[in-house]
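The structure appears right after this line, and notes come after that.
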Amino acid sequence: MAKRDYYEVLGVARDVSEQDLKKAYRKVAMKFHPDRNPDDASAEEKFKEASEAYEVLSDKQKRAAYDQFGHAGVEGQGGMGGGAEGFGSFSDIFGDVFGDIFGGAGGGRGRGGPSRGADLRYTLDLSLEDAVRGTSVKIKVPTLVSCTNCGGSGAKPGTTATTCNTCGGHGQVRMQQGFFSVQQTCPTCRGQGKTISDPCNKCHGHGRVEETKTLSVKVPAGVDTGDRIRLAGEGEAGADGGPSGDLYVQVHVKDHEFFQREGRNLYCEVPISIFDACLGGDLEVPTLDGRVKLKVPAETQTGKLFRLRGKGVTPIRGGAAGDLLCRVIVETPVNLSNKQKELLEQLKDTFKGTQHSPKQQSWFEGMKNFFGDMKM
C-alpha cells in the first residue's frame, strides 16, 4: 500500500514551522499512543505512521529531500522502527506537551536567552536553459541582521542588559491557579529574561535591524519547478546571539517558447509543409544545444513523434540525459492563388478510385458501422 503524504499524516501545511510541526505531532501521538489504545492495532499503526512522518519532517536534511523527491528521497535513511518506543511512553509525551504550561509536569523551561532566527523563503524564476544547464544568480533578500552598533545585545554601546528581577532571567513566571501552578510569559521582560534600561539608538533595543542582503545562489543543473535550494545560515539573525535561520530558494521554471518539460524529457511541436509530409525531407529543429537535422520520411502523418535521444535533460542526481520528442504538425497551405487551386483540383482528380487516406477510410467505416448499429 502506498505511503500517505507525511504532511497529511500530521495534518499540517507544507510550510509548517518547526514549533507547529512539533505541536501537531504531539497531538497525533497522544491520540494514538498504544498506552492509551491497548490492543488497538489500527491506533498503533497510526502512531507508527505519525512517528515516521515526524522523524523525517523534524530533520532539516531529510525534510528537504522529502520536499524535493517525496518518499523516494528518504528511503533507506532509517526510521523510528515502527514501535511505541520510537518516541517514548505516553507520560513522556504528556509531560513534554504540558511542561510549558503546568509547572509540575516536566519542570518547565525558561524562554529567555538566545533563540534561532526564522527561516526565509525566496522564489527564483529561471529560464528553461538555466534550469537545465545550471547557473549562478544574484538575489536580494530583505531580512533581519544582527545590529552592528550594539553587537546584537540591544543595549546602548557602553551599557549592558540586566537580568529581569521579576522572573530571575527565566523569561517566565509561575502563578497559582487552583490546584495548578500555571507558567506564563514574564510581563516585565516579555519573555526575554532581561531588561534594557538604555536601549541602542539604532535597533531600539531589539538587537536586530532590517537589511536587504545580496546573495549568490548556485543553481545545479537539472533543477525543475518545485525544487528547493537551501542556503544554511542565510535566514534571519537569531535573537540574543542565537544562530541564524536558513534561506530556502524555491525554483520556478518559466514557460519556454518551444519546449515543454516532463521529467527528463523535452517536447516540442515542429510544423512541416504538406509537401514535406508527403514526399519526406530533412528539417532543422531546435534543441537546447543548437539546431539539428531531423529526417522526415515520406507519407508522414500529422502528430507523429520523432525521438532525438540524449537531447533532453540530465537529472539533478545524475544519470543519462532524457530525450527530445518532436511532434510534427502538418500545415494546410493558405492564401492560395487561382492557379494553385486549379493544380490541386487536378491532383485531387488523380486520387479518385484509390485509397490514400487510411485513417479517413477507417473513420468512415467506423461511422457507417456506428449508425448501422443504431437502426430502429
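Heads up, the Cβ atoms here are built off N, Cα and C, so glycines get one too.
Keep in mind the model is a prediction, meaning the values are calculated, not measured.
Pulled from Swiss-Prot, these are the features on record:
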type	residues	note
DOMAIN	5-70	domain 'J'
ZN_FING	134-212	zinc finger
REPEAT	147-154	repeat 'CXXCXGXG motif'
BINDING	CYS147, CYS150, CYS200, CYS203	Zn(2+) 1 binding site
REPEAT	164-171	repeat 'CXXCXGXG motif'
BINDING	CYS164, CYS167, CYS186, CYS189	Zn(2+) 2 binding site
REPEAT	186-193	repeat 'CXXCXGXG motif'
REPEAT	200-207	repeat 'CXXCXGXG motif'
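Here the repeat 'CXXCXGXG motif' (200-207) has Cβ contacts under 8 Å with residues 146-150, 152-157, 239-240 of the same chain, all six or more residues outside its ends. Taking H, G and I as helix, E and B as strand and the rest as coil, DSSP gives the domain 'J' (5-70) the counts 48 helix, 0 strand, 18 coil. Surrounding the centroid of the Cβ atoms of CYS147, CYS150, CYS200, CYS203, where the record places Zn(2+) 1, the chain contributes additional residues within 8 Å, namely THR148, ASN149, GLY151, GLY152, SER153, GLY154, ALA155, PRO199, ASN201, LYS202, HIS204, GLY205, HIS206, GLY207, ARG208, VAL209. CYS167 (Zn(2+) 2 binding site) sits 26 Å from CYS147 (Zn(2+) 1 binding site), taking the C-alpha atoms as the reference points. Spacing of CYS150 (Zn(2+) 1 binding site) relative to CYS164 (Zn(2+) 2 binding site) is 19 Å (Cα to Cα, whole number). Taking a C-beta cut-off of under 8 angstroms and a sequence separation of 6 or more, CYS203 (Zn(2+) 1 binding site) has the following same-chain neighbours: CYS147, ASN149, CYS150, GLY154, VAL209. Each residue contributes its Cα atom, and for CYS164 (Zn(2+) 2 binding site) and CYS200 (Zn(2+) 1 binding site) these two points are 18 Å apart.
On the 0 to 100 pLDDT scale, the repeat 'CXXCXGXG motif' (164-171) averages 86 in this prediction. Between the CA atoms of CYS189 (Zn(2+) 2 binding site) and CYS200 (Zn(2+) 1 binding site) there is a gap of 16 Å.
The most crowded of the binding-site residues listed here (CYS150, CYS186, CYS200) is CYS150, judged by how many other CB atoms sit within 10 Å of its own CB. The DSSP breakdown of the zinc finger (134-212) into helical (H, G, I), extended (E, B) and coil residues amounts to 0 helix, 35 strand, 44 coil. Around the Cβ of CYS164 (Zn(2+) 2 binding site), a 10 Å sphere holds 21 further Cβ atoms from the protein chains shown. Recorded residues CYS186 (Zn(2+) 2 binding site) and CYS200 (Zn(2+) 1 binding site) have their alpha carbons 22 Å apart, per Cα-Cα distance. Taking the binding-site residues CYS147, CYS167 in turn and counting surrounding C-beta atoms within 10 angstroms, the largest count is reached at CYS167.
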